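One structure is given here, and the rest of the page talks about it.
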Ligand SMILES: Cc1ncc(COP(=O)(O)O)c(C=O)c1O
């Protein structure tokens with residue numbers, strides 16, 4: 001099987017399994033697990049933030065951040081197709097008490113001028129005041145698009161003028177960093193809090209890192225604990241993440257390049273399949289009958305995800321050039337079969 005459904009399908013490498021076996025352990029919720037402490041120190045250094053916390057999932061990282069930023073009763077500006085707004089069960093409102101304020105981005109990327117216009121300063125007593133601006137880099141639903149450091153800086157400047165914090169959903173932050181060719185610290189500079197996934201492009205088995213300044217993180221640590229994020233011998237899952245963080249950029253550059261190669265192949269089949277350039281490791285292709293076509297791809301050992309007219313392919317450490325060629329050949333075959341059927345209908 002060539003599995004392009006998500007970069008979450010990767011399995012730990014032999015080196016990661018060896019690190020799991022050798023991990024020094026303790027009760028992480030009591031601050032006693034040396035491996036978790038090492039991972040959090042490493043994440044601090046990479047993000048340039050005061051403190052970092054190992055949490056079980058990105059959804060929990062987002063929720064803890066919303067709670068720690070005091071969003072209850074206020075508005076949170078989100079891009080209208082953002083994961084935090086569309087794909088986290090409404091936790092933003094249900095658990096953090098925030099009112100989402102969706103703003104349309106260009107291929108998922110918010111413009112600082114649109115963000116500025118959406119801010120509510122609390123002067124009108126009928127309106128919930130803006131408490132937080134959420135960015136997503138890369139943007140999942142938009143097809144792995146990247147918000148550049150310059151755009152992030154412009155949005156941060158708008159937020160600062162309004163006295164509002166900026167939070168970054170950086171599930172695939174390393175893919176963004178590989179695309180703009182900067183270390184992740186450059187993408188963390190322009191936000192007050194952020195998280196990145198350890199179990200997507202990095203290939204670790206479980207978890208995410210939430211980071212921010214000391215005052216924010218004190219509240220975030222409390223919120224994560226309240227949400228059930230206190231883990232015990234979590235060094236078992238922190239150890240492979242430490243392995244993954246040793247030299248993360250070449251792997252993410254490779255994943256981005258594989259996705260571009262897939263996009264080129266799909267464009268060659270039919271330019272109408274594609275909607276804009278592919279920047280990182282997600283390739284969205286648009287076609288009628290996407291669910292039926294995705295099922296037919298599966299019969300040819302190529303797994304992808306269908307949603308509406310969209311078929312999503314995600315590259316990661318466990319697909320390679322052979323997988324890309326297999327995906328292009330399978331789609332060519334399925335499209336040819338479909339057009340023969342349409343001609344006979
Ligand atoms: C952009 C984005 N944000 C948040 C999440 C949620 O992360 P998790 O599955 O670790 O809760 C995902 C998961 O795919 C994602 O792609």
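Cβ coordinates are placed from backbone N, Cα and C, and glycine is handled just like the others.
Fair warning: this is a prediction, and the values are worked out from it, not measured in the lab.
Now, the feature entries from TrEMBL:
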DOMAIN    3-284  domain 'Aromatic amino acid beta-eliminating lyase/threonine aldolase'
MOD_RES   200  N6-(pyridoxal phosphate)lysine
Inset, instruction - Starting from the Cβ of residue 200 (N6-(pyridoxal phosphate)lysine), draw a 10 Å sphere and report how many other Cβ atoms land inside it. - result: 26
Inset, instruction - Specify the secondary structure state of the residue listed as 'N6-(pyridoxal phosphate)lysine' as given by DSSP, simplified to three classes. - result: coil
